[in-house]
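Reading through the structure tokens given below for one structure.
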């Protein structure tokens with residue numbers, strides 16, 4: 001979406017409470033994650049050419065700093081960094097509302113698969129839909145996320161599991177980057193499951209991805225990262241190592257879906273391979289927690305998925321106390337979690353996962369940024385970083401968990417532009 005210099009210059013004044021989350025790397029453990037660095041008002045933020053030029057006490061703003069800026073009065077309001085959703089399956093075809101009803105009726109995952117549901121259903125729909133159809137659906141989700149204060153979104157492929165459709169999904173992400181305000185981080189996840197053409201032959205499928213799909217993804221510059229579903233019955237450690245090593249050699253960062261269904265040593269492998277993040281972690285072992293705590297790999301937890309599946313939540317409190325850097329993501333997808341609700345993430349993290357509201361804020365800002373390798377440019381409010389902010393309807397960040405389930409966003413600011421206002 002085109003910007004002019006003027007629209008990217010913004011002076012936010014009279015802020016009741018400014019939450020900066022300052023830092024340029026992931027925050028590990030209870031003490032660091034609990035420090036969100038607030039400035040009580042009146043505070044101000046000045047954004048010039050889309051970049052934060054000042055964040056602090058309003059009395060310290062030099063008049064020359066605000067020349068040519070649009071003014072936004074934040075009297076009685078709290079301002080935070082824009083939220084980073086670091087785990088989504090944004091681009092997909094079709095929906096699985098019938099499958100959700102089957103789950104409510106008690107059907108098992110295997111019985112749903114036998115009825116034609118599960119990931120195979122989404123794969124068939126994604127393969128058949130046009131890029132325009134996929135784009136329209138993804139754009140709608142991004143619009144809803146923007147209204148909840150999200151300013152950066154990670155978006156995976158993985159519902160094609162063949163060359164044509166994986167590239168199609170990633171082209172949709174690329175095109176949407178130019179057609180709407182939010183920043184997108186593109187992840188190639190051809191190894192979401194074994195394609196039906198390779199049923200029972202996961203190692204051969206990984207070789208196909210490494211030999212034919214990954215090189216084309218890289219040649220067309222369609223992804224920054226590569227992800228894989230490492231799980232018993234899906235892809236094992238050897239297959240994961242092969243896929244992610246090939247991706248790293250091709251210049252991509254790497255991530256893993258790990259320890260979601262059973263303890264499988266995924267967290268330990270993610271730390272060993274230098275993954276940006278290990279995600280899900282509902283069944284992480286004590287050894288896995290220790291490995292992540294001693295590494296730079298972010299533990300990205302997805303509470304809405306556990307909620308939707310009526311499963312136990314990831315042990316966030318235990319992980320934070322052990323020294324892990326925890327991020328939160330939505331896991332938006334048409335099957336296990338058809339939601340990207342920021343209010344629900346805050347509620348579940350604080351009420352059911354043992355996190356403080358400060359830790360949840362850290363997890364959705366600077367640690368979310370670290371989970372996609374962008375903590376040096378987003379995730380906090382400080383000079384030199386992108387002007388990505390959320391203005392709440394209330395004077396304190398504590399309302400994010402206290403007034404649970406409600407969208408409290410008054411304005412979303414992306415690169416100095418007000419891209420959403422609650423009217």
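Along the chain as shown, the residues are counted starting at 1.
A Cβ is built for glycine as well, from the same backbone N, Cα and C atoms used for every other residue.
A sphere of 10 angstroms centred on the C-beta of residue 87 (Fe(3+) binding site) encloses 30 other C-beta atoms. Residues annotated as Fe(3+) binding site in Swiss-Prot, with sequence analysis given as evidence: 87, 89, 257, 331.
Per Swiss-Prot, the feature Zn(2+) binding site maps to 87, 89, 257, 331. A 10 Å cutoff on Cβ-Cβ distances gives residue 89 (Fe(3+) binding site) a total of 26 other Cβ atoms nearby, all chains included. Secondary structure from DSSP puts residue 89 (Fe(3+) binding site) in coil.
Per Swiss-Prot, 4-imidazolone-5-propanoate binding site is recorded for 96, 159, 192, 260, 336, and the stated evidence type is sequence analysis. Counting every protein chain shown, 25 other Cβ atoms lie within 10 Å of the Cβ of residue 260 (4-imidazolone-5-propanoate binding site).
Annotation source Swiss-Prot lists N-formimidoyl-L-glutamate binding site at 159, 333, 335, citing sequence analysis. DSSP assigns residue 159 (4-imidazolone-5-propanoate binding site) to coil in the three-state reduction, placing it in neither a helix nor a strand.
Each of 89, 92, 96, 119, 122, 158, 334, 336 belongs to the same chain as 159, 333, 335, is absent from that list, and has a C-beta within 8 angstroms of the C-beta centroid marking the N-formimidoyl-L-glutamate site.
Highest local Cβ density among the binding-site residues 96, 257 belongs to 257, counted as other Cβ atoms within 10 Å over all protein chains shown. Summarising the environment of residue 192 (4-imidazolone-5-propanoate binding site), the number of other Cβ atoms within 10 Å of its Cβ, over all protein chains shown, is 24. Of the chain residues outside the Fe(3+) site list 87, 89, 257, 331, 88, 156, 279, 280, 302, 305, 329, 332, 333, 337 have their Cβ within 8 Å of the site's Cβ mean position. When Cα-Cα distances from residue 335 (N-formimidoyl-L-glutamate binding site) are compared across the binding-site residues 87, 96, 257, the shortest belongs to 96.
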